[in-house]
Each structure stands twice: as C-alpha cells, then as structure tokens.
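A.B. asks: TrEMBL lists 16-196 with the feature domain 'UmuC'. Taken from TrEMBL, the feature Mg(2+) binding site covers ASP20, ASP117. Per TrEMBL, site 'Substrate discrimination' is recorded for PHE25. Per TrEMBL, the feature active site maps to GLU118.
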Amino acid sequence: MQKKAMAQHKSFGRRILHIDMDAFFASVEENRKPELKGKPVVIGGMGDPSKRGVVSTANYEARKYGISSAMPLRTAYKLCPRAIFLPVDYKAYLAVSRYFKAVLLNITTIMEDVGIDEAYLDISENRDTDEKISEKIKTGIYEKTGLTCSIGIAPNKLLAKIASDMNKPDGLTIFSGEDIENRLWPLPIRKLYGIGPKTEEHLKALNIATIGQLAALPPEVLVARFGPSYGHYLHEASRGIDESPIITSWEPKSFSREITFQVDEKNWQAIARTLAELTKEVVSDLAEKGYAARNVILKIRYSDFRTVTRACSIDQAVGKEEEIRRMAFSCLKRVDLSGKKIRLVGVRVGRLEKIKNAISGV
Ligand code: TTP
Ligand code: MG
C-alpha cells in the first residue's frame, strides 16, 4: 500500500480539468429551435432515417429509447419513430465549439483541445477552488452559448475524463488520489481510456470485469498477454496513474473527407464529380489552417466493402485546388471501376507543410 501511494505521488501533484459538452450536437439544435425541447431528437447523416447514415448523437430524451451514437439511423427510427431526425450541421457546431473554447482560454491558456466538444485544462496554478473554477466555466459557457457541460477535476487526464462522465448532464465531479479505491475500482473496465471491445473480451476471459480486479493482477500477467507497452499502461491506468502532459497545440498530420453514396454508384462521372467536391473541401481545410500537402490519397470502397487506396506524391508541397484535384484524379485513373459499384469515395491530403504567415484557426 505504502509503495503504491509513493508511486502515485508525482502524478497527484497536478490539478487537471476535463470538460465535455452535454449531448453536444443535439443541444446546439435544441438551442436554436426551442420547439424541440422536451422531444426526442436524433442528429445524424442527412437527417432522414429512411436513408443511409448513422446517429451522431441523440438528446437525453431519445437515449431513453436506447438510441446511441454510431447506431444506424434506421435502427434509431425503429426504436423511436416519433423522434425528430435532423441532419448534421457541422459548421454550426464548430462555431459553438469555438465560443466555448474561448471561455476556457479565459481560465487558462494551458488547454488541450481534444475534439469538437471536449478539452483538458491544467488548473494547477489557478488560485480559485475547484468549485469556483467550475462555476466560472459553466456560467461563461451558458452565457455565450446557452449550453450545459459536465466537468471532471482530478490529479491527471485519465481520472479527469472518467470524472467528467460520472454526473452527466451539467455535472461536476471532483476526484482525488484517495478516491481510487472507492470510486475508480468498482467501475467496469470499459470506462478506462484505451480499453475497447477487444481488450474487454480478453480481460473477461481472465475473469476481469472491474478496474479494481484489473489493478489486482500482477503486471507480468498483463505484459505477457498484451505486450510491454500496453500491458504496463493497463497496470498503471487501473491504479489511476497517468503522467501524460497537456498538449497545448499540435500540428495536424492530414486532412480528409469521405462520403458514402445513398445508393451504390457506378457512373464514372458521378464518382468524379463527388471526388472533385471532396477535394474542394479538403483544400479549404488546408487553406484555413495554413498548410500545403505533398501527397494525396484516394480511397474507394466497392459495394462488397472491399476497399482500395491509391496515393500520389510530389516533392514540392501544393495547396491549390487545381493541383490537388489533378493528383486525386491521377489516383482515380489507377482504380479499376469497370462495371463495379462504388459505395464510398474518400480523399486525404498528407505530408503537410506549414505555409509561412498563415493564420491558423482555433
Ligand atoms: P460525445 O461527447 O461522445 O457525446 P455527446 O456530447 O452528444 O453526449 P454526452 O452528453 O454523453 O457527452 O460526442 C460529442 C459530439 O461528437 C456529439 O454530440 C456528436 C459527435 N459524435 C459523432 O458524430 N459520432 C459519434 O460516434 C460520437 C460518440 C460523437
Ligand atoms: Mg459530450
């Protein structure tokens, strides 16, 4: 026990806050269309459950029917036919995301942006209490966006993320090093960041269902089963140990766009037109963030789900639509389309280089 407490000491010197917006896409929609309040709302694809697409998110009312993210829209419709289905309006959500991140940056600039509705802050140097900081954030976000969020505060990122999920919606959960045994260990292993369905299955075969049972396993067993890197990670994480730093900014590695056709497509012109549109969007990402690219990768998925990629690279990074489109089309020429039906087209630009003097977005 003593040894464990010492090992954890370093990790417990920090104060990390994790914030996650509540039913984000759905809340933005409810906020701008008040008539939706109190009704089950599902956001996904084109907002038409008779068409292909998956649920991006559902509001809490719709979740009562068992609707969840990544579920086909058709299944969601079967579970709750009276739900209101809306298309994804990513631009609107991104605009709101920028507003709430501006509120966070007022608290501290040591912020890690982890997605459209999530962020970590290092508040170790902030003199206010956890409650006060949380209140400032919640009020600030509510005033700027009309939305609620859930906050977790803990000695590291791993625990802060678990904490923010504990009292949704509009929650605040403060987690200290002493809470490991009582509050972390009873949780199911899937709550631990990095444990997906496959690892869960492996661990269940070892009769491990809770994080506490995982923590009780000798590390050698985990290393033998999962290799040194992931094995050690699982051992440490189950004990609430996480030294990973807040990463305040990073360079993107690539930009990509893909689309699944409503009905599988075999018309070359329609495929080419779609590719040109996707290329245009990727080029606009490049321009907005101030990058040029040295390679373009095309992805094609056939109706039987077989997927092929073709890449095209050049020495000098390019950012103009014309040039990127030419590369994308040279990839398309190398794909066998003869008489085949295509389900999905995607394009990715990579090997990015920053363009001098570019202003990058938040
Ligand atoms: P989450 O934070 O996972 O979900 P949420 O904000 O909708 O709900 P919660 O209150 O439980 O946090 O994801 C944030 C947004 O990301 C979500 O509103 C929609 C989008 N998203 C997808 O598009 N697909 C997905 O599979 C998931 C999980 C999220
Ligand atoms: Mg969320």
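In case you wondered, yes, glycine gets a Cβ from its N, Cα and C as well.
Give me the structural setting of these features: burial, nearby parts and distances.
C.D. replies: Within 10 Å of the C-beta atom of ASP20 (Mg(2+) binding site) sit 20 other C-beta atoms, taking all shown protein chains into account.
DSSP classifies PHE25 (site 'Substrate discrimination') as helix under the three-state reduction. Taking the Cβ of PHE25 (site 'Substrate discrimination') as centre and 10 Å as the limit, one finds 27 other Cβ atoms among all the protein chains shown.
Classification of GLU118 (active site) by DSSP places it within a strand. GLU118 (active site): 17 other CB atoms within 10 A of its CB, across all protein chains.
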A.B. asks: Quick one: give me the count of other CB atoms within 10 A of the CB of ASP117 (Mg(2+) binding site).
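C.D. replies: Around ASP117 (Mg(2+) binding site), other Cβ atoms within 10 Å: 22.
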A.B. asks: Enumerate in sequence order the recorded positions ASP20, PHE25, ASP117, GLU118 whose Cβ-atom distance to ligand 2 is under 6 angstroms.
C.D. replies: ASP20, ASP117
A.B. asks: Any idea what DSSP makes of ASP20 (Mg(2+) binding site), helix, strand or coil?
C.D. replies: strand
A.B. asks: Could you give the mean pLDDT over the domain 'UmuC' (16-196), rounded to a whole number?
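C.D. replies: Averaged over the domain 'UmuC' (16-196), the predicted model reaches a pLDDT of 96.
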A.B. asks: Can you tell me how far the Cα of GLU118 (active site) sits from the Cα of PHE25 (site 'Substrate discrimination'), in Å?
C.D. replies: 13
